[in-house]
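Straight from TrEMBL, the features:
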- B:CYS65, B:HIS69: Cu cation binding site (BINDING)
- B:LYS717: ubiquitin cross-link (CROSSLNK)
- B:350-589: domain 'Histidine kinase' (DOMAIN)
- B:ASP663: 4-aspartylphosphate (MOD_RES)
- B:20-41: transmembrane segment (TRANSMEM)
- B:53-72: transmembrane segment (TRANSMEM)
- B:92-113: transmembrane segment (TRANSMEM)
Amino acid sequence: MDVVQLQRQLVDYRASLYHEAFLDEQFTQLQELQDENNPDFVVEVVSLFFEDSERLLNELTKALEQQSIDFKRLDAHVHQLKGSSSSIGAQRVQKVCIAFRNDCEEQNVEGCLKCLQQVKHEYSLVKTKLETMFKLEQQILAAGGSVPM
Amino acid sequence: MESCNCIEPQWPADELLMKYQYISDFFIALAYFSIPLELIYFVKKSAVFPYRWVLVQFGAFIVLCGATHLINLWTFTMHSRTVAVVMTTAKVLTAVVSCATALMLVHIIPDLLSVKTREVFLKNKAAELDREMGLIRTQEETGRHVRMLTHEIRSTLDRHTILKTTLVELGRTLALEECALWMPTRTGLELQLSYTLRQQNPVGYTVPIHLPVINQVFSSSRAVKISPNCPVARLRPVVGKCMPGEVVAVRVPLLHLSNFQINDWPELSTKRYALMVLMLPSDSARQWHVHELELVEVVADQVAVALSHAAILEESMRARDLLMEQNVALDLARREAETAIRARNDFLAVMNHEMRTPMHAIIALSSLLQETELTPEQRLMVETILKSSNLLATLINDVLDVSRLEDGSLRLDLGTFNLCAVFREVLDLIKPIASVKKLHVSLNLAPDLPEYAIGDEKRLMQTILNVVGNAVKFSKEGSISITAFVAKSESLRDSRAPEFLPVPSDNQFYLRVQVKDSGAGISPQDIPKLFTKFAQAQSTATRNSGGSGLGLAICKRFVNLMEGHIWIETEGLGKGCTAIFIVKLGIPERLNESKLPLMPKVSSNHGHTSFSGLKVLVMDENGVSRMVTKGLLVHLGCEVTMASSSDECLHVVSHEHKVVLMDVCVPGMDGYEIAVQIHEKFTKRHERPLIVALTGNTDKATKENCMRVGMDGVILKPVSLDKMRSVLSDLLEHRVLFEAI
């Protein structure tokens, strides 16, 4: 594929991500932080996010499977997830986390379960999107072009 | 007569003689007896007769004489001895009494004579008194006439009435045939017949004023008799051969207002006189009496006074009318001015709202438009729109500021601010324009200038910007130099503004700013106009430079509000000019931890732009956000150490770290505790790093907690790059940062 075409594709893809509220301007900030001193900053952060989130989601699932749910601990995890997602700009995930936290405060088990499902769903969505985006970027770099900001 | 004792025949030869003697004696006796009777009778009748006993004496004498003569009758014939005895007795008695009477009369007759003299004297006296009384009565009459005349004359303040009344009353009092008043004409060279008594409409006779008879009258203050044939007295054609009555003329001084300031009135040097001529009826034998002349003189004086009073009154009435007119006009003008002011205020109030609303819409939408995707030409157009509308908004604000300044409703927003930063910001704003015009701008801040000051930062900046902007605007080439220093008392005085008396005090200082440019300069006459609204120096160069002419007027008002003074010095056209202003600012107290002022929302583009080598410790439990924060700081050039727990943080923190950024919204972990412990670890203030909390919580409780534990700042997540940059720079400058939540 043509480099220019690839680049345009990437730009459009990114635009769509923003448009669909998968990402917000925090992600743009991250991209700004990437420079020649820190060429893979975004990828590193996002990878860390993936790791962190998966761990947290496992913990959440485990916690909710318990007989007596420790809402405090649940809340702590959701808080972490919320923090991470807001740090990279995963807007949708963050929003669900906020709702999740409310349910935790109310000690609403069903609500929590539902939120957990939602979070998992959103997370997988955004993970896919980001991975696709990174792949596109790789392709551009491989084709010899530069990744547009 | 002999009496003998011989017996003789009774009727001798001389019988006839005897008879006659007999009869005469009889009659004598009779007379002698009747005289005293008459005397007694008349004395009884009269009331006053002092010498009664004299009368008695006299009566006795006469009675005795009569008796003697009576007894003598019997001696003609033979008579007895008794008769002879009686006769002798009678004669003796008579002799005694008559001698006594004779003696008495010697005393009495002079007295009686003197009584007569006194009577004559008294009669003369009575006649004299009668004469005098007649005189007094006449004088009193005259006085009464004068009083009446004066009363009549002074009872009116109308000039004509006064004069007419004078003539009428004089005519009546003195029973004159004719009475006339000659007034001097405007030229002063002639006397014109103005009023007469008998003639209703005096024809305008005039006589020249320098006639000898007139001079004679004018030179004396008394009434002077003049000839009936002289021109002033010849008022009527002479009818028949009647003998004209005597004529008297008297001068009437006409006083002007200014004459009353002299004390010795009426002896004045420059006087105008009128002439009053009085004529007695012809064919009467009347003469002018002295008292009549006096009357005339008195009346003439009174008339003069009355006329002057009338003149004064006229004058004061005229002045009062004039004043009333002026008052009415002033009142009208004042009301018009008030209406104009009200109209202007209404207009401004309307403009305030009505014009700002669309302006706001234009600016807001233009800036939003800028954010969207635009072609380069479109972008340029939008930028121009934005710039123009900003300019327009500034203009509106200026005008509104001016009106608010005029009303006195503008108050300064006092606050603590960084003085040097203000100057640097002005410099930054002006540098682009200056470099376009190839002008060199230099800033000199005196070392003793305090870093922080209390004052109205925004308006001070506006003032400096305006002054510097003017310097740049009106210079085509050369350099601009801005100097700022603390004004000492000698340099505070400016000879051009003697009423500006600065009073330095302990916690205040006077900032003096001088902006010197090398532009076209201003002629000295134009300098006062510069600070008036909407006025500009009339050279073509300034015409093209735009601007409303309000800038300096507003600056002056701001400077005045700051209790200062602004002026411009120039050496003339073409030699550039220096704008100088002095304002009063406060010196803030040393900042300490308990009194951390709230900063306004962080503004961008301040001071430091790179923080190379700045050691920062980031503490965040969340790995992702920790990494993001680190990335931010690394991008800004800081050296970042990371800690993922409070223990680790406390372990790692050292005095090399200037800033500690910690996430405090993690439940279950007390970030505040860490802050307290760090405080304890570093007792010396300069060793302790600045502690800033990162939080996503927007509630006040978080902020208050942070402040309570002694944190130096709070920032809200998410933090953008720009935000981090400005946060750090603010933090390092002010050593404090609390974002407004």
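Using N, Cα and C of the backbone, Cβ positions are placed for all residues, glycine too.
Checking the recorded positions B:CYS65, B:HIS69, B:LYS717 against chain A with a Cβ-Cβ cut-off under 8 Å leaves B:LYS717. Comparing B:HIS69 (Cu cation binding site) with B:LYS717 (ubiquitin cross-link), their Cα atoms are 185 Å apart once rounded. Within the model, the domain 'Histidine kinase' (B:350-589) carries an average pLDDT of 78. Recorded residues B:CYS65 (Cu cation binding site) and the residue listed as '4-aspartylphosphate' have their alpha carbons 182 Å apart, per Cα-Cα distance.
DSSP assigns B:LYS717 (ubiquitin cross-link) to coil in the three-state reduction, placing it in neither a helix nor a strand.
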